[in-house]
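Trainee: Take a look at the following structure, please.
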Amino acid sequence: DFSKAMSQAGTSQFQEVIRQELEYSMKVELDKILATAPSNELEHTKKDLEGFKKLFHRFLQEKGPSVDWGKIQRPPEDSIQPYEKIKARGLPDNIASVLNKLVVVKLNGGLGTSMGCKGPKSLIGVRNENTFLDLTVQQIEHLNKSYNTDVPLVLMNSFNTDDDTKKILQKYSHSRVKIYTFNQSRYPRINKETLLPIAKDVSYSGENTECWYPPGHGDIYASFYNSGLLDNLIAEGKEYIFVSNIDNLGATVDLYILNHLMNPPNGKRCEFVMEVTNKTRADVKGGTLTQYENKLRLVEIAQVPKAHVDEFKSVSKFKIFNTNNLWIALSAIKRLQEKNAIDMEIIVNPKTLDGGLNVIQLETAVGAAIKSFENSLGINVPRSRFLPVKTTSDLLLVMSNLYSLNAGSLTMSEKREFPTVPLVKLGSSFTKVQDYLRRFESIPDMLELDHLTVSGDVTFGKNVSLKGTVIIIANHGDRIDIPAGAVLENKIVSGNLRILDH
């Protein structure tokens, strides 16, 4: 046992030496990169690289999955409140003064590449020519006009989306919404083998675009603080931010939740509220809220030891998942940021670049910080508050007559008999937005649809109606054209059909 202990001590000493060498090499490389920064970018680049260095240091320290599965417990009953209970409290007469303490923050760092679009995802048209950003501005403008308030919109851009977003913001200059932006950090991607940056200088245009990445939405705390915007908003009397993904069309300002935050029933304010909703089979990979070391904690699938992944995905044990709609106290962000006390697990995101080089990105997630805040709460909200558009299958749902649009908000049509959304799976011919749009002369009537699967070269004429379960499969080399006015109810269509009996 003595020799075993000695060899273990030797191993850990050896690992420590390797760690120190890696940190030193990283520092040397980052200093070289910093030396190439022009004077007007120096301060900003320095902050980014300092932040990255801290993250890299933690990455080298951590071993194995970041949660001990044995310590995970179900959250206590009162730590996740049902939305109905919060809504039942009603609203006070002075809801305008409560609204004036709110800032809406949208995470706007993503590109539309997964849907075949260039530029910011927020500029993709989703409904009647309106983009995600248009709908967001309309929602907040409607609030400000209805209650005579001044709720601002803040966009967290990335270096990928900042220029294009700023150009488009001019079109809202006459709307009744103050819009601010700040940029999340820009971190260097590192070579998977050497663990050193692949960037040689600070530039991120042309062939250098692949050298850098925005480090996930967990970066919001540091970037928001560093931008000076956090302090300005506190000085204006703002108290809470409502943060959500710009592609979640269900994430509108909820007055009942806001009132619960500002006027808590027990007199003790929450610093952090996470909206969760019940899992369906489609959400088994979503992060879930657990009780861990007497704190509410978000556990993501990447943190789960392999042996427990199936248990994590179980809909019966972990019934809820994080919608990434979060309500956070500004003063708490400032306090924790100044103490360097926001603790978020590192997500290691492996990527393969176009040339075949394997790199890793170190990222963090905004919701993971819940355990650093005092008096955190989960609120189990209706599914309607989670309506993300990640694929063209999602886009088909929100463009259809399943939803009606009012003042920038989408609501499920009253004509739909059941509250759940149909399951839609469009094949690879529909992945890119322009291909998808070309294949529908008009969006089908989907009010009575349960399930739609489409695969291969398929087009839809005008005024098609889909009901029940519809499966359309064009084999390789074949083509199926669904004619105008067709009604497909519980039908499987396959083969090569240019015209369909109906």
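Including glycine, each Cβ sits where the backbone N, Cα and C put it.
Model, not experiment: these values are computed from the prediction.
When I checked TrEMBL for this same protein, it listed these features:
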BINDING   Lys121, Gln184, Gly216, Asp247, Lys390  UTP binding site
BINDING   His217  substrate binding site
Trainee: Around Lys121 (UTP binding site), how many other CB atoms lie within 10 A of its CB?
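Mentor: Excluding its own Cβ, the number within 10 Å is 24.
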Trainee: Using a 10 Å cut-off on Cβ-Cβ distances across all protein chains shown, tell me which of the binding-site residues (His217, Lys390) has the largest neighbour count.
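Mentor: Within the set of binding-site residues, the most crowded position is His217.
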Trainee: Please state how far apart, in Å and to a whole number, the two most distant Cα atoms are among Lys121, Gln184, Gly216, Asp247, Lys390, the recorded UTP-binding residues.
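Mentor: The span, Cα to Cα at its widest, is 21 Å.
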Trainee: How many neighbouring Cβ atoms, not counting its own, are there within 10 Å of the Cβ of Gly216 (UTP binding site)?
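Mentor: 23, counting other Cβ atoms within 10 Å of Gly216 (UTP binding site).
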Trainee: What is the number of other Cβ atoms found within 10 Å of the Cβ of Gln184 (UTP binding site)?
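Mentor: Total other Cβ atoms inside 10 Å, all chains included: 27.
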Trainee: State the count of C-beta atoms found within 10 angstroms of the C-beta of Asp247 (UTP binding site), not counting that atom itself.
Mentor: 22
Trainee: Using C-alpha positions only, work out which of the binding-site residues Gln184, Asp247, Lys390 is nearest to His217 (substrate binding site).
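Mentor: So, spelling it out, the nearest of the binding-site residues is Gln184.
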